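Beneath this line is the structure, given in structure tokens, with notes to follow.
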Ligand code: HEC
């Protein structure tokens, strides 16, 4: 009987460790990434590209946007769109985050 209880608690401790470890690595990866970068990857990457340099003629190079344009300009482009870029792709905190992240691309 003692052996059984020992075996059982070993399994409980082991599985608790495993799930803790998994959760930690997931939240670590997510918090390592700027929220704006996550929004960019979800919404903007199709036109502006993984390296922000634009994909052919479908999006502008944003890789130095932070040193070229003000956060206000960036925000207004995202809100209002421009020529072939659609308006209102993101809003609220996602908008704040992507404006902040792009402003850091210098
Ligand atoms: C459907 C394709 C498309 C998507 C999706 C898109 N863009 Fe654009 N974006 C463009 C195009 C095309 C331009 C250039 C428009 C022009 O002036 O001719 C542009 C221009 C911009 C500019 C202005 C660049 C400058 O130097 O004036 C910013 C900032 C920008 N996009 C940010 C974003 C962000 C942030 C997202 C995601 C929320 C996004 N774009 C999604 C196509 C897109």
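Each residue, glycine too, has its Cβ placed from N, Cα and C.
TrEMBL entries are annotated by machine, without manual review.
Annotated in TrEMBL:
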- 44, 47, 48, 85: heme c binding site (BINDING)
- 31-106: domain 'Cytochrome c' (DOMAIN)
Restricting to the same chain and to sequence separations of six or more, state which residues have a Cβ under 8 Å from that of residue 47 (heme c binding site).
54, 55, 58, 59, 85
Which residue among the binding-site residues 44, 85 has the fewest other Cβ atoms within 10 Å of its Cβ, if you could check?
85
Taking 10 A as the limit, how many CB atoms besides its own sit near the CB of residue 48 (heme c binding site)?
22
Site diameter for heme c, Å, by largest Cα distance between 44, 47, 48, 85:
10
So what's the average pLDDT for the domain 'Cytochrome c' (31-106)?
94
